[in-house]
Amino acid sequence: MGHLGVLLFLLGGLGTLADICEIPEVDSKLVETLGQRLLPWIDWLSLEHLNPSIYVGLRLSSLQAGAREAFYLHILKLKYQQSFLSPRLAVNDDKRDDQAKPSMGQLALYLLALRANCEFVGGHKGDRLVSQLKRFLENEKRAIGPNHKGHPHTSYYQYGLGILALCVHQKRLHDTVVGKLLYAVEHDQHIHRDHLSVDTVAMAGLAFTCLDHSNFNPNQRHRITLAIRTVQEKILKAQTAEGYFGNVYSTPLALQLLMNSFMPGEKLGRACLKARTALLASMKNGAFRNALLISQLLPVLNGKSYVDLISPDCEAPRVLLQLAMEYPSQTREVISVMLKVPSVMPPYRYSISVPAGSSLEDVFKKAQKLGGFTYGTQNTLSGPYLTSVMGKEVGEREFWQLLRAPDTPLLEGIAEYTPKNGETIELRLVSW
C-alpha cells in the first residue's frame, strides 16, 4: 500500500471520509490523438528543439513510440551531456555558446527523463550534472536574498522543478534552498503577479510532495506538510466556472499535484471531475497542440504524475503509437488578420492575408516578408518565445503580451494560436 493509501486507510479507520482526486478513463482515441501530435517532435533531433518533457510524458502515459522513443533518449543523452559537460560550451562569457546551451530548467527535465527510464544519474558525468543544478539553485537562492526581497533570475517554476528533479534522484538539498520555495508559497507576493500562477504553485507542490514522500529535510517536515496543503487550497480556489484550474493549460500540472492529495469531505473529488469534463471538451476542440503541455497532460490521463518518478514502473504495458493518416491538402480560403503594435513610433497597424488555419507565427512571418514589421524569437520548451518586436528587445521582467482585441490575453503561444478571419491581434510590451 502506498503512502497515500496508508493515510486513506488510517482516516477510514478513524471514521473520517477522505476525498481523493481521481480522473476517470478518457476515450483512448482522444488520448492517441494527443500522443500522435508528439511524434513529429520526436523526429526533430536538433539541440534547440530537443524536449526532455516529451520523453517524460510518454513514459508516464499509456502510450509509447517504440524504437523512436528509445532513440530519442539516446540523442538526449548525447546532446545534453555534450552541451553541459563540454569545456567549450561551459564558458559563460561566450554569448553564442551560452545561447546554444539548454537552460537549467531543461537540465532538470533531462534528469526527470532519466528517472522515467528507471535510471539514477550517476558516475563522474552524472555527478557533474547534479552539481550544476545544485549550483543553479544556490545562485537563485542568493538572488532571492536573505530577507526574501529579491527574485530568482529565472522563476520560482524552474526553482521548484530543479528541487523536484534532484529529489526523484534521491539527491538532498540544504534546508535553506528548500526554505526559499517554502517562503514563496507561504507569502503570496512571491508567487503572484496580478493573479495566482497555478502552474508555479503546482510545481512547488510536486517538489514538496516528493520531499515529503522521501522523508528529506526532516527539520522542515512540518512546514513542507503545511505548504502542500496551502498549495492544494490555492489551486482549488483558482478553479474557474468552466472547471479549469487557472486556465486550460495550467490544469494538467494542477491535476498532477491534486492526484497526490487527499482532503476531508467531497470538495476535492468534485473539483477534479469538473476539471476532467472541461479538459475533455478542450481536447475534443483540439486545444492541446503544444508539446510541453501535451506531455504534462498525458500522465494525468493515465493516472500518473511526476511524483511517480520516485519509483517509476518501467514495465507497465503501453500502446504503440502509429502516425496519423495524412490526407491531400485542399485549397484553403484566405483570411485577414489585423496586426497592431501601438507602443512603437510610428505605431504599426496592418492587415495581413494568410490561408485559413495559419498560426499566429505564420502571420508574423508574412508581415515581416511584406516589410515594416520585424520580430525575434528564442526557442524554449514551450515553443518560440517573443524576444523582440519592431527592434524593441524585452528587458528584465518584461515580456511581449499577445492580445485579441479589444483586451483578451492569448493563452497560447505564437506557434499554437490560430487567428480567425477579421481578428485584430495586438502586441503589447508589459512589465511584471
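A Cβ is built for glycine as well, from the same backbone N, Cα and C atoms used for every other residue.
All TrEMBL annotations are machine predictions without curation.
According to TrEMBL, the protein has these features:
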SIGNAL    1-18  signal peptide
DISULFID  CYS21-CYS272  disulfide bond
BINDING   154-158, ASP199, ASN247, GLN296, 385-386, 400-402, LEU410, TRP432  cyanocob(III)alamin binding site
DISULFID  CYS167-CYS210  disulfide bond
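Spatially, by CA atoms, the binding-site residues THR154, TYR156, TRP400, LEU402 include one closest to CYS272 (disulfide bond), and that is TYR156.
Distance noted between the C-alpha atoms of ASN247 (cyanocob(III)alamin binding site) and CYS167 (disulfide bond) is 28 Å. Fewest other C-beta atoms within 10 Å: among the binding-site residues THR154, GLN158, ASN247, that description fits ASN247. Annotation for the binding-site residues TYR385, TRP432: lowest Cβ count within 10 Å of the residue's own Cβ, TRP432. Burial estimate for the recorded positions (CYS21, CYS167, CYS210, LEU402): highest at CYS167, by number of other CB atoms within 10 Å. Nearest Cα neighbour of THR154 (cyanocob(III)alamin binding site) among the listed disulfide-bonded residues (CYS21, CYS167, CYS210): CYS167. Using a 10 Å radius centred on the Cβ of TYR156 (cyanocob(III)alamin binding site) and all shown protein chains, the other Cβ atoms total 22. You'll find the Cα of TRP432 (cyanocob(III)alamin binding site) roughly 33 Å from the Cα of CYS21 (disulfide bond).
A separation of roughly 16 Å, to the nearest angstrom, links the Cα atoms of TYR156 (cyanocob(III)alamin binding site) and CYS167 (disulfide bond). Contacts of TRP400 (cyanocob(III)alamin binding site) defined by a Cβ separation under 8 A and a same-chain sequence distance of 6+ are given as LEU386, VAL389, VAL394, LEU427, ARG428, LEU429, VAL430, in order along the sequence. A Cα-Cα distance of 34 Å separates LEU402 (cyanocob(III)alamin binding site) from CYS21 (disulfide bond). Of all the recorded positions listed here (GLN158, CYS167, CYS210, TYR385), CYS210 has the Cα closest to the Cα of CYS21 (disulfide bond).
Of all Cβ atoms in the shown protein chains, 26 besides its own fall within 10 Å of the Cβ of CYS272 (disulfide bond).
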